[in-house]
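Annotated features, as they stand in TrEMBL:
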- GLY10, ALA11, GLY12, LYS13, GLY14, THR15, ARG128, ARG173: ATP binding site (BINDING)
- 30-59: region 'NMP' (REGION)
- THR31, ARG36, GLY57, LEU58, VAL59, GLN93, ARG134, ARG145: AMP binding site (BINDING)
Amino acid sequence: MRILLVAPPGAGKGTQGALIATHFGIPHIATGDLLRDHVARGTELGRAVKQHLDEGGLVPDEVVLEIVEHEIAKAKAAGLGYVLDGVPRNITQARTLYEAALELDMTADVALHLKVDDDEVVRRLLARAALEHRSDDTEEVIARRLAVYHEVTAPIVDWYAERGILVSVDAMRPVEEVGREVLAALEVLRPLVGVVPPGARRPIDLTGLGAAFGK
Ligand code: ADP
């Protein structure tokens, strides 16, 4: 399976991404982790991106895309799919990545949209800040990351809907519930994705499922 995650900060991309990767035996390519690793190791790239991360702004597209394209090529060489977490984050990244993946015959089968409202995002990130010490989990930087999400990332959801590969889930619920729903949806899609071309598919909206079946 080749899956990409689209979600605001704090929606659970990291947690669900790791779950999906373990379940399907595919690499979890998380751009935030890859960038933070460069910063921690003090590489040239790390020094170049540190300020963007600290301020909650986006790192230049070409920097992220080079890292991600390399990881996708590695996944292909290993005969595996992938779960992309944190990329694409704007429409330029979405289009460029699509072109690059097309050349490798590695375009995404599913764009998984984790829907969470802003208040919940802020609550979760501040709770995380008390446990981990990420430089960007302060109230001010969280607000900036959310603004960036609404301005440049959220619009790509429509692009995936048009391509027919969008699956939306309600990520306001406890992490285990979201995880079960995500894996169930992906398992249903698994035998179909190689057979039904994206253009012949329609977006899938599972956000009413939780409410329909009660808590
Ligand atoms: P979150 O989604 O909680 O903000 P991430 O770990 O995905 O956390 O990203 C942390 C930071 O890394 C972002 O605020 C941004 O500075 C940088 N970053 C990650 N992915 C990208 C990307 N695709 N394009 C540009 N910057 C990115």
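Placement of Cβ uses the backbone N, Cα and C atoms for every residue, glycine included.
Automatic prediction, not curation, is the source of TrEMBL annotations.
Recorded features from TrEMBL, shown on the structure.
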| residue | record | Cβ neighbours (10 Å) |
| --- | --- | --- |
| GLY10 | ATP binding site | 25 |
| ALA11 | ATP binding site | 24 |
| LYS13 | ATP binding site | 23 |
| THR31 | AMP binding site | 21 |
| ARG36 | AMP binding site | 18 |
| GLY57 | AMP binding site | 15 |
| LEU58 | AMP binding site | 18 |
| VAL59 | AMP binding site | 20 |
| ARG134 | AMP binding site | 15 |
| ARG145 | AMP binding site | 20 |
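Among the binding-site residues GLY12, GLY14, ARG128, ARG173, not one has its Cβ under 6 Å from an atom of ligand 1. Note on the region 'NMP' (30-59): mean pLDDT across this stretch is 96. LYS13 (ATP binding site) sits 14 Å from ARG145 (AMP binding site), counting Cα to Cα.
Look at THR31 (AMP binding site): DSSP puts it in a helix. Taking the binding-site residues GLY12, GLY14 in turn, the residue surrounded by the fewest other Cβ atoms inside 10 Å of its Cβ turns out to be GLY14. DSSP assigns THR15 (ATP binding site) to a helical segment in the three-state reduction. Of all residue pairs in the ATP-binding list (GLY10, ALA11, GLY12, LYS13, GLY14, THR15, ARG128, ARG173), the one with the greatest Cα separation is 17 Å apart. In sequence order, GLY210 constitute the residues six or more apart from ARG173 (ATP binding site) in its chain with CB-CB distances below 8 Å. DSSP assigns ARG128 (ATP binding site) to a helix.
Cα of ARG128 (ATP binding site) to Cα of THR31 (AMP binding site): a span of 19 Å. Around the Cβ of THR15 (ATP binding site), the number of neighbouring Cβ atoms within 10 Å comes to 16. Taking the C-alpha atom of GLY57 (AMP binding site) as reference, the shortest distance to any of the binding-site residues GLY10, ALA11, GLY12, GLY14, THR15 belongs to GLY10.
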